[in-house]
Amino acid sequence: MQKPAQKEAKSSDSHSSQQDLMKTSSAEDEKGDVDLYRGEEEIQKELQDKQQPKSAAVGETQSSVSAAEDLQTYSEREWKGNTAKSLLIRKGYEAIASEFNLRRVRGDNYCALRATLFQVLSQSKQLPALLHDSEISEWPKEMHSDQDFIREWQFPFEISKSKVQHLEQCLELLKNKWQEAVQCKSLEERERMCQQVFRGHDEEYELLEALKFLMLRTAIQLHSDMEKGSDVPEFCWLLFARDSSKCPKTFLTNHLRHVGFSGGLEQVEMCLLGYCLQETIQVVRLYKCDTEEFITYYPNDHKNASPLCLLTEDDRHYNVLVPKKSSKFDSYGRPKWNPPSDGQSSITTHL
């Protein structure tokens, strides 16, 4: 794995290349105490260390998503330099500091999935349509029988069941946790639930692997629609235009199976994630401050006026944005913005 760079090295201007999204990133300073992208061995070691039962309450040191903190304070602490990049990032933080606080997300290659899942469990009002399917636990078996995809699946921990059986378990867990979140009667109850989920144990990683499975299943369906000549979202053409993912099989082999291990999600895959969850993921991209891409939506043609809000400094590592008390946000913490007249975002993403 690439050696973590020092703090100012985090200001590299290599973000324009799509390949950069798969590279290792820099490290947070001693206060963050985590590498932005950890390797498979590190994740497995952490999970093994946490197998022992613990009676203590979930603490901040265990949490995969930190407590909310002031954006301006965080920015001044993390970006003290006077380079052009530091000034740009601080300007980006300042632009949104009056409306949001920040929750830092554990910096491994699951971070985009983890940040999105946290916002889903924190804010969702209902289950997405695909999780209402009573046969959801049969999907891995069906996929394995039809196209033998599951043979290539890898988990960040040892499993005692077959891969198909364990994915079935992951999907059931996701459905149950999402339903549990929707049924919470207060924000405080949701917070307690999220603290129990996001603590780096097997359950958390099972939920993240379930998201990856839903992405693959959606990609298979969309690719089939493309071959039939049916209408598909714009991002599908970008997803399958890559030499490394001409079809769902190569998408899994060359991209998705490595997410969480040696790479994170690329921008076009963020579109797929938002689409399969029937959500719009709104990302404040700090290094794009002063451009039309400062705020980007994944997918950008999704009709959803209440996006899940994330923040990134580099399109690699993602943190969670938490709205401050304001009439601009609803009781679930989602921004109350009016969609454009055509139902689409005016911000486009150049992938």
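The count begins at 1 with the first shown residue.
Including glycine, each Cβ sits where the backbone N, Cα and C put it.
According to TrEMBL, the feature active site maps to ASP108 (among others). When other Cβ atoms within 10 Å of the Cβ of ASP108 (active site) are tallied across all protein chains shown, the result is 24.
Look at CYS111 (active site, nucleophile): DSSP puts it in a helix. What TrEMBL records for CYS111 is active site, nucleophile.
For the recorded site, HIS317 (active site), the DSSP three-state label reads coil. For HIS317 (among others), the entry in TrEMBL reads active site.
Residues annotated as compositional bias 'Basic and acidic residues' in TrEMBL: 1-13 (among others).
Positions annotated as compositional bias 'Polar residues' by TrEMBL: 14-25 (among others).
Here TrEMBL flags 26-52 (among others) as compositional bias 'Basic and acidic residues'.
According to TrEMBL, the compositional bias 'Polar residues' annotation covers 341-351 (among others).
Here TrEMBL flags 1-69 (among others) as region 'Disordered'.
If you look up TrEMBL, you'll see 328-351 (among others) marked as region 'Disordered'.
Positions annotated as site 'Linear diubiquitin binding' by TrEMBL: GLU293. In three-state terms derived from DSSP, GLU293 (site 'Linear diubiquitin binding') belongs to neither a helical nor a strand segment and is classed as coil.
Residue environment of GLU293 (site 'Linear diubiquitin binding') contains 15 other Cβ atoms, counted within 10 Å of its Cβ in all protein chains. In terms of C-alpha distance, the listed active-site residues ASP108, CYS111, HIS317 place HIS317 closest to GLU293 (site 'Linear diubiquitin binding'). Reported as a whole number, the C-alpha separation between ASP108 (active site) and HIS317 (active site) equals 8 Å. CYS111 (active site, nucleophile) sits 6 Å from HIS317 (active site), counting Cα to Cα.
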